[in-house]
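A.B. asks: For reference, TrEMBL lists these features for the protein:
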- A:6-131: domain 'Anoctamin alpha-beta plait' (DOMAIN)
- A:164-637: domain 'Anoctamin transmembrane' (DOMAIN)
- A:172-200: transmembrane segment (TRANSMEM)
- A:206-222: transmembrane segment (TRANSMEM)
- A:279-303: transmembrane segment (TRANSMEM)
- A:315-341: transmembrane segment (TRANSMEM)
- A:362-383: transmembrane segment (TRANSMEM)
- A:427-448: transmembrane segment (TRANSMEM)
- A:511-530: transmembrane segment (TRANSMEM)
- A:597-616: transmembrane segment (TRANSMEM)
2 protein chains.
Amino acid sequence: METNMDVDYVISYRFANTDKSHAAAQFEKLVQALASVGLDTEVRKGDKHSVLLFVRVASEEHLFGEVYRSRVHDWIHGVRTAAPPKETREALEADPLYEAERLRIIYQLITHPTSEGGAGITPKEGEWENVESIFTLHDHAYNKDWIKKWSTSYFLKTEDLDDIRNRLGEKVAFYFAFTQAYFQFLIFPAAVGFGAWMFLGHFSPIYGIINAVWCTIFTEWWKHQETDLAVRWGVRGVSRMEIKRRDFKHEKQLTDPVTGEKVLIFPATKRLQRQVLQIPFALCAAAVLGALIATTFSIEVFISEIYNGPFKSALVFLPTGIATTAMPILSSILTNFATQLTKYENYETQGAYERSLTQKIFVLNFITSYLPIFLTAFVYVPFGRILVPYLDVFSLTVKPFAENEKQMKVPSRSTFSINPDRLRKQVIYFTVTAQIVNLGMELVVPYLKRQGFSKYKQIQSDRAAKREGTPPQAHAEDPAEDAAFLARVRQEAELDVYDVTADLREMVLQFGYLSLFSVVWPLTAVSFLINDWVELRADAIKICVEMQRPIPWRADTIGPWLDSLSFLTWLGSLTTSALVYLFSNDGLGPDGTPASISGWALLLTILFSEHAFILLRFGIQKAISKIDSPGRQKERRDRYLVRKQYFEESISRLNKAPRMVDAGEKLSRESLEEDARTSSLSGNLMNPEKRFWARQKGWRETAGVGRGLIERAEMDVSPERKKEL
Amino acid sequence: METNMDVDYVISYRFANTDKSHAAAQFEKLVQALASVGLDTEVRKGDKHSVLLFVRVASEEHLFGEVYRSRVHDWIHGVRTAAPPKETREALEADPLYEAERLRIIYQLITHPTSEGGAGITPKEGEWENVESIFTLHDHAYNKDWIKKWSTSYFLKTEDLDDIRNRLGEKVAFYFAFTQAYFQFLIFPAAVGFGAWMFLGHFSPIYGIINAVWCTIFTEWWKHQETDLAVRWGVRGVSRMEIKRRDFKHEKQLTDPVTGEKVLIFPATKRLQRQVLQIPFALCAAAVLGALIATTFSIEVFISEIYNGPFKSALVFLPTGIATTAMPILSSILTNFATQLTKYENYETQGAYERSLTQKIFVLNFITSYLPIFLTAFVYVPFGRILVPYLDVFSLTVKPFAENEKQMKVPSRSTFSINPDRLRKQVIYFTVTAQIVNLGMELVVPYLKRQGFSKYKQIQSDRAAKREGTPPQAHAEDPAEDAAFLARVRQEAELDVYDVTADLREMVLQFGYLSLFSVVWPLTAVSFLINDWVELRADAIKICVEMQRPIPWRADTIGPWLDSLSFLTWLGSLTTSALVYLFSNDGLGPDGTPASISGWALLLTILFSEHAFILLRFGIQKAISKIDSPGRQKERRDRYLVRKQYFEESISRLNKAPRMVDAGEKLSRESLEEDARTSSLSGNLMNPEKRFWARQKGWRETAGVGRGLIERAEMDVSPERKKEL
C-alpha cells in the first residue's frame, strides 16, 4: 500500500542562505560524489528552499561488494570469527543481509571519507553545509504491525527484539532490550515492595537488603545478558572498533617508520590537563544547581511550614514555579557547557567522546534528580531544628503578602517540629508524578510542536496565497502517482532525529530512584513497573510517528550508562543503610526525628553495608559469570570450528615427515660394521657428543640396554637385602 | 668446557618398588613412545635403582615441524598476530627459535597426550609411575656468567631479563622482572621513609599518604608493565590459552551436536557448592592459626610484662619457641588441606586450579604474616588495659619457675601500663629479622640438606663396601670421557624442583608489610631495598646451584598474585589511616595509649581514606592507561600490518566492478527514444517504483533537474521578498 519507491536514503538539500549558482554547483558535486560510489539518484522539490535527493544503490553487484568489504573489516577487527567466503553471493546466502545492515552500509557509503571508499558527505559541515540531513524512510506497514503487536502483549520476546534489531539496528535494539530486561526485573521488587508496604512498615531493613541485592543482581546480570545479545546479533566487539572523530584536531602528524601509517597525535598529557577541568566544572555545576535546589527547597519549607499569612496555598507553588522555570534553563546552559568542554578535550575517537560526555551529563542529571531528596533526608530531617531559625532570610519572598511580622516569625528550635511526611511525599513525587509528567511530555510536546508548526506554515502560505493570488499548492508539479509519497517524505524530512541515549538516560535515572531511595516508599517499583510497560510502547510510537527513522547504528552494549548503573547500585548500598539506620530505629516514634543517633553507629552501619555490598557484588559477579547461555555457546562453537579449520589448513601444509625415528630400522651385522668403519675412519675427529649418542642405535637398542641395567641393578641389591633380612 | 652432550631432557626412571620384568617392559614402552614422536634416546645407569634416559630431538626437521605446529596454535589462540609463514625454515629465519621455546616444545612433545601429538608421558602417574622426573640440564657456562654479571651490577637491565626469558622461560623471567621492578620502586619510599624517620616523628600522616599513593602507583604501573613485557616476549594472551587439567573428573560427556567436539561436563552449580566450603575453611584456618598466635602472643605479654620471677630472660623465648615449632606444622597441615580442597573443587583448567589454590594459600599466609601485628596494633594497644587482667590463665606456663605468687600477679587496670615499643619492635622483627632469616633459610637449608644427604649416601655405600668387599665406585662402568658428565647429571637428578610461586609469594607478602604497616616504622622500605638486592642474586644462585633447571613455562602475568597486590594496597589504605589516627594524635604522649579516641572519628577517618584511595586508584589507573610504551607500539604496529595485509588480500579477491554508476553514459536522442519505446511497450506493467527512478537518467540529469529546481525556487521567493522590503 505505502511503497517507499525502493529509496534507501533521502538527502535534504537546503539552499536558503546560499547564493543560487553556488548552491547549484554544490548540488552537482553532491550528485556526482554519490554516483561515484555507485549510488543512483533522483531529485524532487522539497519545501520552498530545499530539494530532496533520493538515493539508492545502483545495482546489487555494488551492494554485495560493499557488504563483503564491511564484513572483511569486521573479521579483521575480531567482530566476526571467520573471514567471509570469497564469493560474495555465497557469503550472502550463508549469512543473509538484514535491512539494518544494508541501510548502515549504504549510510557509511554516503558519509565515509573518500579515503575509506565513501562519498565523504558530512551533513551541515564544511563543503556540505547545505546538506541538511540524510535520513531513511519509515516502513509504515511494519511500524503499524509493530505497534499493534506490542500494545497487545504483556511481555516482549527475544524475537521481538530481533525484529527491532533487523529494522532499526543494534543500538536502538539494545535500548529496548535493556528496558524490557529492567521491566521484567521490576516484577520481583514490585511484589516485595508491595508486601513490605503492607506488612513491614516504614524503612524496613529487610526490604532494603532485598532491594539492594536485587539491584546488584540486575546490574550484573544485564552485563552478562548484554554479551549474550551482542553474540546473538553478531556485533560482539564492535565497540572496540574505534571510529575516528571528524572534529579531532591533531598537534603533530607522524609517519610511523615501521608501518608507514600516518598517525595524528594529540599529547595525552595535554588532554589530561584539559580533563582536569572536569573537576571545577562538576563543582561549579553542583554549586549552581545545588544553590538553586537548596534555595527553592528552603523557600518551600519556609512557606509551607513557617509562613502563616494569606495566599499560603498559592504561595506554596512559588518555589516549584521558580524551580521549573530556572532548572531547565540552567540545565541546558550546563549541558551546553559540558558539550563544549568535551569537545575541548579533543578526543580522537567517537567512543571516547561519547563516554566523556555521558559522564558529565550523568553528573548533571544526578544533581538535578537526586539532590532534593538528599537534602530532605540528610539535611532537613536530622538538622532541621538547627537550620530552620536561619530561614528568616526567605521572609523576603512573602513580605508583599504577609499582613504582619508574626505570620513570618521563624519558630525557635524547641517549637519547630519537622514535617515527617516530607521525605515520603518527595519520593512519591519523583517516582510517580514526575514519571507520568515526563512520559506525557515525551509524547504530547512533540505532537503539539508538530501541529503548531504545520498550522503556522498553513497560515503563512494562506497569507501568501491571498496576497499573490496563486493557489496554495506549493507542490502542484508533483506527478499524481508520486504525490502521496512525496508529501510523506516532505513530512518526514521535518521530523526530529531520534536520540536513543536520552531514553536510556531516563531509564538509568529511574533505576537510581529505586536503588537509592525506594526504602523510603517501597511501592516505587510498582509505580515503575506500570510506567515502564507504557514507556516501552510510547517509545515505539515516538520512533514511528514523531521521529525520523533512526540510522541503524551498531552497538554491543548500552555503553557508559553501564558504569552509571554500577555507581548507582553502589551508592544505593550507602543511602539505603543510612536511611534505614536514621529513620527506622524503633523507639524513635513516627516523627522521624532521630533523638539518639550516634555518629559512630551511623558510620559503622554505612561502612559495614558498603563492604557487605562489595563482597556480595563480587560473589554475584562470580556466580553469574558461570552461567552459560545460547549466545556464549554459539560463540564458543564458532570459535572452535574456525580454529579447527585454520589449524587443519595450516598443518596440512606441513610436509609430513615420518615421525617415528627408526621405523623399520634393523640392527644388522652390516650396519654395525659400517658404523665401526666410519667411526674408525673419522677417528678422533668425532666429538664427544657424537660418541655419546652413538652408543645405542635406535630405540630397540636403548630399550635392550635399559633392560640389562634394570636386571643387573636388581641383582646388585638382592644379596645385600638378603643379608639384611 | 662442560658440555651437555646435546641432551635436551633427562628422564629419571626408578624401579625400586616394581617387579623387574614389569619395569623393563614399561621401560621399553617408554623408549618406544619417545621414539614414536621423533626423539632420540640413550640410556645410562642412574643410582642403584634407577636408570637415566637421555632424550634429544632426532632431527632438526622434526623440531621445525613441532615449532610450526606450536606457532600455528599460538596464532589461532591470538598469541601471535599473524599466521607463521608456510615454509618452516623461512619462519625460523624471520623469528628465530630461542632456547626456552625449544625446550618447552620438546617438553610438551614428551608430556602432551598422544591425541595432541605428544608421547603422553606423565611423570609419577598411572602407567608412567616409574618415571620419577623429567628434567633438563643446567648450562653451567651460562649460569656462571649470569651470577657473575648480576653480583657485580646494581640494577638489572631489560636485556638481562630477556636473557632469563631466553634461557628459563617467561614464567621465571616474570618473577625476576617483578622483583626487579619492585626493587627499583622501593628506592623512593626508602628515601622518603628515611626522611620521615629523621624528621617527621612517629606515625606521620604525610609519610602514610605518600606511601599509600606510591604503593598504588606501583601496583597499577606493574599491571601496565606486565602487558608491555608480555608483548616484548611475544606471550601476550598465553594465560587465556587454557590448559586442561589432567585430574579433572567429568560427570557427563556430551558430543556437541554442531561442532562434533567432545565436551566433558562438571556442573558449575556443584562446583559452586564445593567452593562454598572455602568459607568454613578460611574461618577454621583463621580460628586455628589465630588461636595459636593469640595464645603465644598473650604468653609473651604475660612473661615479658607481668612475670617477674627467675629465668625471665630465658622464658621470654618460650612463646617464640612454641610458635616456631607449631606454626610450620599447622601451616603445612592447612596448606595440605587447601590443596585437597582445591582438588575437590575439580577445576577443568590448570589456570583455574592455580588461581583457586593461590587464593587459599594467600589467606593462610595473610593470617600467619600479619595477624600478630594486627593483634598488637588493634587489640593490645587500645584494649590492653581491659584485657590484661584476664591473662592470669597463662600463669600456668611459668608456674614451675616462679618462686611465689606475687611474681605472677596480674596487675590491676590502673597499674598496668602498655609497652609502647612493642608495636614498633614487632614490625622491625617482621621486616628485618624475619626477612634475613628467611633469606638464610632459602640458601642454607637446601645446602645443608644436600650435604647431609650425600654424606649419608657416602656412609651407606662405605658400609656396603666394607661388608661385601666390593669397591665403592658404583659407576665404575662409565666410560672415562662421559664420567664427569654422568656424575653431574646424577647429581642434578637429585636436586629439588624450583617453584617460582613460592618466591613470588614471598615478595608479595613483603610488599604487604610495606603497604600495611610501614607507617609504624618508616625504615621498612630501606630494609626491603637491601634485602631485595640480595634476594634477586640469591634466587639466581638458588636456581643455578640448588635446583634442577626449571622447565621453561610461558606466562604473561604474575597471575593471581596481582589480585593479592591490589588487595594489600586497598587494605593498606585502611590500616595506615587507622594507625595514624590511633597513634599520632598529638597530645597523647609517647606512651601510645589513646585517651580520647572516639569511635566516630576513627570510622570517619577510615571511611574517608578508603574512598580517597578508591578515587585515587581510579585516577592512577586512567593516567597509567594513557602511557604508551615500546611493547604497546610494537603490538599496534603488528596488528596494523596484519590487518592491512589481510584486508588487502581479501579485497583483492573482489572482482572490481566500475564503481561510477554511469561513467561514460551519454544522453543521446537515441537512448531517450529507446527508453520511451520500452516504457510504452511495457506500458502499465512497469511498477511505480520503476517509473519513479526512471524520471532522471544518470547523475548529470539529476544534477540538471536539481539546478532547475534551485533556480526556480529562488525566483519563487524573490517577488515576495521584494514586496516585503
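Glycine is treated like the rest: Cβ placed from N, Cα and C.
Worth saying up front: this structure is predicted, and the values here are computed from it rather than measured.
What does the local environment look like for each feature on the list?
C.D. replies: Mean pLDDT for the domain 'Anoctamin alpha-beta plait' (A:6-131) in this predicted model: 87.
Within the chain carrying the transmembrane segment (A:206-222), a Cβ under 8 angstroms from the stretch's Cβ atoms is held by residues 178, 181-182, 185, 188-189, 192-193, 196, 200, 511, 514-515, 518-519, 522, 562, 565-566, 568-569, 572-573, 576-577, 579-580, 609, 613, 616-617, 620-621, 624, all 6 or more beyond its ends.
Within its own chain, the transmembrane segment (A:279-303) is flanked in space by residues 312, 315-316, 318-320, 322-323, 326-327, 330-331, 334, 337-338, 341, 360, 363-364, 367-368, 371-372, 375-376, 380, 388, 391, 394-395, 397-398, which lie at least six positions past its ends and keep a Cβ under 8 Å from the stretch.
Nonlocal intrachain contacts for the transmembrane segment (A:315-341), taken as residues 6+ away from its ends with a CB within less than 8 angstroms of a stretch CB, comprise 277-278, 281, 285, 288-289, 292-293, 295-297, 299-300, 303-304, 307, 357, 360-361, 364, 368, 397-398, 401.
A Cβ distance under 8 Å defines the sequence-distant neighbours of the transmembrane segment (A:362-383), meaning residues of its chain 6+ beyond its ends; these are 282, 285-286, 289-290, 293-294, 297, 301, 327, 331, 334-335, 338, 418, 422-423, 426-427, 430, 505, 508-509, 512-513, 516-517, 520, 560-561, 564, 575, 578-579, 582-583, 592-594, 597.
Nonlocal intrachain contacts for the transmembrane segment (A:427-448), taken as residues 6+ away from its ends with a CB within less than 8 angstroms of a stretch CB, comprise 369, 372-373, 496, 506, 510, 513, 517-518, 520-521, 524, 527-528, 531, 534-535, 538-539, 541-542, 546.
Remote same-chain partners of the transmembrane segment (A:511-530), defined as residues 6 or more beyond its termini with a Cβ less than 8 Å from a stretch Cβ, comprise 182-183, 186-187, 189-190, 192-194, 196-197, 200, 202-204, 207-208, 211-212, 215, 366, 369-370, 373, 377, 423-424, 427-428, 430-432, 435, 565, 568-569, 571-572, 575-576, 579-580, 583.
Same-chain residues lying 6+ beyond the ends of the transmembrane segment (A:597-616) with a Cβ under 8 Å from its Cβ atoms: 212-213, 216, 382, 569-570, 573-574, 576-578, 580-582, 585.
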A.B. asks: Going by DSSP, how much of the domain 'Anoctamin alpha-beta plait' (A:6-131) is helix, how much is strand and how much is coil, in residues?
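C.D. replies: Once the DSSP states are binned, the domain 'Anoctamin alpha-beta plait' (A:6-131) shows 60 helix, 22 strand, 44 coil.
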